[in-house]
Amino acid sequence: MKAQPKASHFIGGAFVEDKAGKPLPVIYPATGEEIASLYSATPGIIEAAYAAALKAQGEWAALKPVERGRILRRTAEILREKNRKLSKLETLDTGKALQETLVADAASAADALEFFGGIISGFNGEFVELGGSFAYTRREALGICVGIGAWNYPIQIAAWKSAPALAMGNAFIFKPSENTPLSALALAEAYKEAGLPDGLFNVVQGYGDVGAALVNHRLTAKVSLTGSVPTGRRIMAQAGEQLKHVTMELGGKSPLIVFDDADLESAIGGAMLGNFYSTGQVCSNGTRVFVHKNIRERFIERLVERTRKIRIGDPFDEATQMGPLISAAQRDKVLSYIKKGKAEGATLACGGGVPKLQGFDKGFFIEPTVFADVTDTMTIAREEIFGPVMSVLEFSDEDEVIARANDSEFGLAAGVFTADLSRGHHVIGQIKAGTCWINAYNLTSVEVPFGGYKQSGIGRENGIAALAHYSQIKTVYVEMGKVDSPY
């Protein structure tokens, strides 16, 4: 099974190769086999990307917003036309079940392109009357923006970052995760087919040193990262030295609160979506599931029943509901957290091991795992695991669970399940998290902002807010009379 692209990088509207770069093997997580071989960007590749972006950006920014938007919307159409092909590529790249990639990856990328392509013509400055004279503001492009992606949603992240940047008139250079470098190249081809001028969307591959080179480049106006908190801190420090704009979408250890009046099956479904989708590799996952003591036993019993029915196996079988983790290293990390959970006294309700799957013995699979009797101080309740491991904690009253939910360095997301919408709104109003749900979980519509509080990030993806983060404001004062000067 192979997925070798035409070349490692996409610069100035064309595939580009430089075999002097460090080899970058692409591994299919379900089997452990190498499906492609790429090369990390050399300094020459990086400079070529900036030269192409610089050449194209000014003319692009001068276009009418509606003209820029038209190209983005055409790109969305192309992604939808090729959704099945792109979904298969994403499954090869990530190991995620095709059942999932068909609806959640290229499809979400298309949604973002369609949204920003449509709304950009209405994203304007403001007019301020000043008693005869007046002022107005202009929203202007930043210049060349850099995106650094994660390996859980490669094409979605590439589009979520590039769509608002391009809509605002910026040029974009994207570095995918070294684990999942393929689908960003497919997005670049879609942009090209849609008529995006050469040089506006460039893809450079590489490891952390390439990301650092992009962050520190003198022509970089903004950096948008999806990644871990430690990586975010390093990039913030580097960008801060040159006062570059940043958006940081980082990790989480989000609370999901289930009150005793909640619809039990819906709450369990939400908890499973918030822990097992993408094999648990979702930054906003609600991995701390707080369940009211009155329904705790019923909740866990039914949760375990449903979790044991999750179908694990061949990601290309559309009946498969869960694929492997991204790598052997990630699987070993998750298994180490499961070991810690048991050692610290949590009850392993189900899962916790490596399934035996015929034909996939070298894949990076792990069973969906549920821990009960978890306390707030346990490692599995404090640290982001990034795998299919759910911690169920018991609570007895509203004020208590709000305080415990907020007792975290993270603040990316939160959810509440209750039949009392008044209580739902009240609780969410007290939770320190940037993206919240009531009677749902992990639904991320591109029309609304996505991002976190505290250590979970700075800035927002999606919604009109994202356009603000890819632009700068110019204020213009217009004097309608004579200048009144004491000199």
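Just so you know, glycine gets a Cβ as well, placed from its N, Cα and C.
Since this is a predicted model, take the numbers as computed values, not measurements.
Binding of NAD(+) is annotated in Swiss-Prot for Gly149, Ala150, Trp151, Lys175, Pro176, Ser177, Glu178, Ser228, Val229, Pro230, Thr231, Gly251, Cys283; the matching candidate from Glu47, Glu384, Glu394 at the same site is Glu384. DSSP classifies Cys283 (active site, nucleophile) as coil under the three-state reduction.
DSSP assigns Thr231 (NAD(+) binding site) to a helix in the three-state reduction. Gly457 (K(+) 2 binding site) falls within a strand segment according to DSSP. The Cβ neighbour count for Thr231 (NAD(+) binding site), using a 10 Å radius over every protein chain in view, is 18. Each of the recorded positions Asp93, Glu178, Glu249, Glu461 was scored by the number of other CB atoms within 10 Å of its CB, and the largest score is that of Asp93. Straight-line distance linking the Cα atoms of Glu249 (active site, proton acceptor) and Gly457 (K(+) 2 binding site), rounded to a whole number, equals 5 Å.
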